[in-house]
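To start, the structure under review is shown below, and the notes come after it.
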Amino acid sequence: MDYLPLFAELKQRPVLVIGGGEIAERKIKFLLRAQAQVQVVAETLSPALADLAARQALSWRATEFSDSLVDDVFLVIAATEDDALNQRVFAAANARYRLVNVVDNQALCSFVFPSIVDRSPLLVAISSSGKAPVLSRILREKIEALLPTNLGRLAESASYWRNHLKTRLTTTEARRRFWERVFTGRFASLMVAGNSAEAEKALQDELDKPERETGEIILVGAGPGDAGLLTLRGLQAIQQADVVFHDHLVTQPVLELVRRDAELICVGKRAGEHSVPQHETNQLLVEAAKAGKTVVRLKGGDPFIFGRGAEELQAAAEAGIPFQVVPGVTAAAGATAYAGIPLTHRDYAQSAVFVTGHYKPDSAPFDWSLLAKSQQTLAIYMGTMKAAEISAQLIAHGRDSDTPVAVISRGTRDDQQTITGTLQQLEHLAKDAPMPALLVVGEVVQLHQQLAWFQHTSSAEGFNASVVNLA
């Protein structure tokens, strides 16, 4: 992050602007909207600035710039076409630890002006850190179109009701949940439509409803890795959470989307490492919900596909805890799509089968004859440690040893790796593949070379290192 976004209160604070032309005019208009005490240093003023000076909306010094003018101001803006003067202003401000902006010269700026969407008191600021101003402007225009013009009334009303709410709703969590209901319900739609009286009545009705004592559990699929694959409903859920229990498969970019003051607790499991037993995870979820919290159980991929999500919701149901399920993009769909491997294709596969290689020792064995059929794609989760057995059994039950296979590691992530070969090479391919990894068996794998779009690839012949750098 090149710049820290800040909102500065400039009301009655002195701001020095060097320059009196059109460049300065644009900045001064924003400063006056923020009620700053604008001091202009320029030999002449544009007609618009001269009018503002005549109306005493700003003060004007028709003198040359001197370093001492920077001593008693809050911000400094150089808005001239004189490069030497701009350099002097920057040096003087920097030496006195004043924030300074030299218009259209990022190297001489300790702060930059963002593009602004003004729904006061609600403000949205967009910045490209000076890299792409046009992109910032385009984003601002899109956000302008999305946000209703009356949106600021919601914030004004919230400010009015805040102190009153503290006497009715005594905990921070209760107040937050109240505002989440209000801002997504009838009150918000009425206020945005301009019907303030009915909106206030709707808010009072919501306040008179009894606060629930029990929270809820929302089981959310985080997708296979790429934060862009998190569903909109999933994003809404993690933005509402009081506490998020997540596993190791949830990537950091997804976790960064969680509400900032939500508690994050890792309950993941990894082979060979200490992990939280499933029954303890179930208990943690139930206890948090019984405390009145909105609990999100965030799982990589889809929570109902080899994710043990159903077991956790069974515990919730037995405890009488309300719950929801937000599906996610499962690894077999996401990783193969990013690797350019379609799960089905009219010429190669009329079905796709998902199986797990991490099965319970006392469970019934696979129907290998069914799994070994041709004209189908086999996607195997958590199968790298059983790759030798999987390969041997499939070949023994009739699958051609030259059937194309792929091992997709860290699917949909920036460091995704796709290694291809044949079924008889599967053990070798999977041996040192980075985790998590998905095994894919089927003729559709041969389309990878033609359809791969996200990352480079490696073949069995070139795979002789513990980690293949495919970037």
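The first residue you see is number 1, and the count goes up from there.
Keep in mind that glycine also has a Cβ here, set from the backbone N, Cα and C atoms.
For the S-adenosyl-L-methionine site, Swiss-Prot lists Pro224, Gly300, Gly301, Asp302, Ile305, Thr330, Ala331, Gly411; matching the candidates Met191, Met382 against that entry yields Met382. In three-state terms derived from DSSP, Ile23 (NAD(+) binding site) belongs to a helical segment. If you compare every pair of Cα atoms in Glu22, Ile23, Glu43, Thr44, the residues listed for NAD(+), the longest distance is 15 angstrom. With the fewest other C-beta atoms within 10 Å around its C-beta, Glu43 stands out among the recorded positions Glu43, Asp247. DSSP assigns Ala331 (S-adenosyl-L-methionine binding site) to a helix in the three-state reduction. Neighbours of the NAD(+) site: apart from Glu22, Ile23, Glu43, Thr44, residues of the same chain with C-beta atoms within 8 angstroms of the site's C-beta centroid are Gly19, Gly20, Gly21, Ala24, Ala42, Leu45, Ser46, Leu49, Ala79, Thr80. Cα of Glu43 (NAD(+) binding site) to Cα of Ile305 (S-adenosyl-L-methionine binding site): a span of 72 Å. In this structure, the CA atom of Ala331 (S-adenosyl-L-methionine binding site) is 17 Å away from the CA atom of Lys269 (active site, proton donor).
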